[in-house]
Amino acid sequence: MANSSRVTEFLLLGFSSFGELQPVLFVLFLGLYLIILSGNFTIISVIRLDRSLHTPMYFFLCVLSTSEVFYTIVILPKMLINLLSVLRTLSFTSCATQMFFFLGFAVTNCLLLGVMGYDRYTAICQPLRYPVLMSWRVCAQLAATCIVSGFLISLVGTTLVFSLPFCGSNRVNHYFCDISPVIRLACAETYINELIIFVCGVLVLVVPLIFICISYGFIVRTILKIPSADGKRKAFSTCASHLIVVIVHYGCASSVYLRPSAKSSSGKDRLVTVTYTIITPLLNPMVYSLRNKDVQLAIRKVIGKTAVSLKTL
């Protein structure tokens, strides 16, 4: 194939099939995007400002919220622009860059959720050893490991996709450069590449999920031994928010990425992807703020301090 036929840019079809509904989708997604940013920035700010939240659980929540902010920044601004634009192209390099950062933050989030499950296990099942097992040094090391591992796995996945030749259609049936809709455009055999990506997906999604399930198995057994109903309710409440986020995040991501072939991808993937690129980052601060009394109290304290400061000006 001649060099002149090589694909130099991709056309993101996105929600073009929705026609006149695209301005409505723009308003809807813009509103959700602003809520995601404000919600996650609120969580980050409150955790940093309120010393009572300077614990391992909220440290990891702060890291997760920070990752969620960058995760959405990689995808949503371009998607919003494309909803109002006729020119929906993305250069080859820009597409690879978007995929790299999207996968990097997505994998980081998966690993962080696994670490947060371990934090709950140590807090409930090993309370006497908790200060040692989850010291600030250990927390920092675990967070750094999640981030570095996330971007190393992303580098592998992105390299496997964009090392393939693209010389035919450049029409990506998605609203961003995701693995399946891009790799299916390659004009070479993709079986080995897809197999390695599938194995990486299993390691990223299944292994942490099994770890979380085992952790919660021990947590439930420990909680059932607590004699008081109030103690059981309090212990369960510290885990409920994490479990809700885990179920939504892993459930939607697994339905898209734990498939051996990208050829089976369809337009339905866009709807599922909306869940973990928009709904999950939206759900994270809402669940942790609405269901968590410590965060609610901290938010009220920060608002109160801010109001007092403004009155003194």
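Every residue, even glycine, has its Cβ placed from backbone N, Cα and C.
TrEMBL has this to say about the protein:
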TRANSMEM  24-46  transmembrane segment
DOMAIN    39-288  domain 'G-protein coupled receptors family 1 profile'
TRANSMEM  58-76  transmembrane segment
TRANSMEM  96-118  transmembrane segment
TRANSMEM  138-162  transmembrane segment
TRANSMEM  195-219  transmembrane segment
TRANSMEM  240-258  transmembrane segment
TRANSMEM  270-290  transmembrane segment
If you count every Cβ pair below 8 Å, which range out of 24-46, 58-76, 138-162, 240-258, 270-290 shares the most with the transmembrane segment (195-219)?
240-258
What is the pLDDT of the domain 'G-protein coupled receptors family 1 profile' (39-288) when averaged and given as a whole number?
87
Which listed range (58-76, 96-118, 240-258) shows the maximal number of Cβ pairs under 8 Å with respect to the transmembrane segment (138-162)?
96-118
Taking residues 6+ outside the transmembrane segment (96-118), which of them lie with a CB under 8 Å of any CB in it?
57, 60-61, 63-64, 67-68, 70-71, 74-75, 78, 90, 142-143, 145-147, 149-151, 153-155, 157-158, 161-162, 176-179, 182, 204-205, 207-209, 211-212, 215-216, 242, 245-246, 249-250, 253, 276
